[in-house]
Amino acid sequence: MEALHQKIREEGIVLSDQVLKVDAFLNHQIDPALMQLIGDEFARLFADAGVTKIVTIEASGIAPAVMTGLKLGVPVIFARKHQSLTLTENLLTASVYSFTKQTENTVAISPRHLNSSDRVLVIDDFLANGKASQALISIIKQAGATVAGLGIVIEKSFQGGRAELDSQGYRVESLARVKSLEGGVVSFIE
């Protein structure tokens, strides 16, 4: 997606050979016009997938997920990282390790929002080692629902997440596939 590539080149900051900071438009400050384009593109890519729900993890996946849900006309559920007084009943949970935050979290979704008839599209801001995607897939399976595919805003292709999801037979559509961050330069798989 050229608009996303351009935004990454202009406003992304390479912090190391492993870390790309995109807080100027995706995961701190949000560019609504770009999110709309991202939602439109995911909706186009998954128009034939029979999606009934979208699942993401709070917080950075919410903006692209909501825009995709708006375009597809389906609800968006975000897995919560923090306990809530209102989120208590027989939760669907999975453990996820965050590469950038170097922490382990338990994420949870209420079983009231997913059921066995759902075809679920996973939307996330990044795909690196695939731990967040695997956690969401686990929750979807716990509900007896079907994974319709995964929509990733930025994939770090040099890490193993994509290969693992591919080997499990999941459909993965990434809007920007980063080949390398070496030398402080973002290079894409075209």
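The chain as shown is numbered from 1 upward.
Note: Cβ is positioned from N, Cα and C throughout, glycine not excepted.
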Swiss-Prot annotation, xanthine site containing Leu20, Asn27 - matching residue among Lys141, Lys156: Lys156
Among Leu20, Ala128, Ala132, the most crowded of the binding-site residues [Cβ within 10 Å]: Ala132
Separation of alpha carbons, Asn27 (xanthine binding site) and Ala128 (5-phospho-alpha-D-ribose 1-diphosphate binding site) (Å): 15
Neighbour tally for Asn27 (xanthine binding site), based on other Cβ positions within 10 Å of its Cβ: 18
Listed binding-site residues (Lys131, Lys156), ranked by Cβ neighbours within 10 Å, top entry: Lys156
CB within-chain contacts under 8 A for Gly130 (5-phospho-alpha-D-ribose 1-diphosphate binding site), separation at least 6: Gln159, Gly160, Gly161, Arg162, Glu164, Leu165
